[in-house]
């Protein structure tokens, strides 16, 4: 938290309080009162829009996938992705309230830990699911026969279980370090990496930054960057580049549409998360840059990052087969997209789910490669 030096003994030291902007911990002391107010209003508006669209879009996907669709491997991916994003959006109102109340936390220490844990857990779960979707599609293109024989719903559920457990462990620092404290008449929800009590003799001052707390801060930040962004982006990019090369070499791509979808998926994911992780890495060496860069940049980067939770239904469903045909009802479009098996992209969107399911099962290997996204 950026405080004036004379106030620092009664506040959270910068090296100890990790301003986790993903859950609305936005510190605006480097901004003018007007700028700070405008920024808070902006965040409340953006978070509210994301919350509404995310709950509506992901909720609709969950309902259709659970009650209307035949269980396929793709269905398992889409369902888990929607559940992860839905949980993220459900807890956004807490952080919308936090921002609206000028960052005064009224929900208690336990909820401070749990809410942040769920948000970070969603980040890892969503990223890992997007990665496994890309890997699954790549394998289906490179090894169609193996994929046909070994790709099963049971295996997909097992993979999702591993993803959720792995995300749990990577998010567990929030349950340990998350804390609340009364600072300047407000209750703050923050990361207390020194695990000391604010205001106590063990609480580090501005000139006496806790090296252990800073080390923990660095480990958490770098781990989130590597596991939650860099490695998944490299895998996703490699998968789709491999798919593009395979389709071009075999001359299976009849249109440019699959390539547009591939580019859109990669660029959108990169744009949503790159600013957030980059600024958090730079913040480890915050003295090298003006505080206003983080006060303005991190809220904007955070808004962009959380927007990914409501973009996924658009990118992975509405950009599917023939979704630009306005005459088709929304429900039919969702059913059509969610019933697609990996590699199918040539069915008219007005066909019924029953007919599509039977056709999916009879589709040849060549069609699977041709339509692979």
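Here the Cβ of each residue, glycine as well, is placed from N, Cα and C on the backbone.
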The annotated transmembrane segment range in Swiss-Prot, which must be one of 1-22, 155-176: 155-176
Annotated range (Swiss-Prot: transmembrane segment) out of 42-64, 180-202: 42-64
Which range of 225-245, 330-350 is transmembrane segment, per Swiss-Prot: 225-245
Swiss-Prot annotation: residue 112 and residue 248 on one membrane face: no
Number of Cβ atoms other than its own within 10 Å, given for residue 112 (disulfide bond): 24
Per-region confidence, the topological domain 'Extracellular' (177-224) (mean pLDDT, whole number): 77
Most Cβ pairs under 8 Å with the transmembrane segment (225-245), selected from 42-64, 76-97, 115-135, 155-176: 115-135
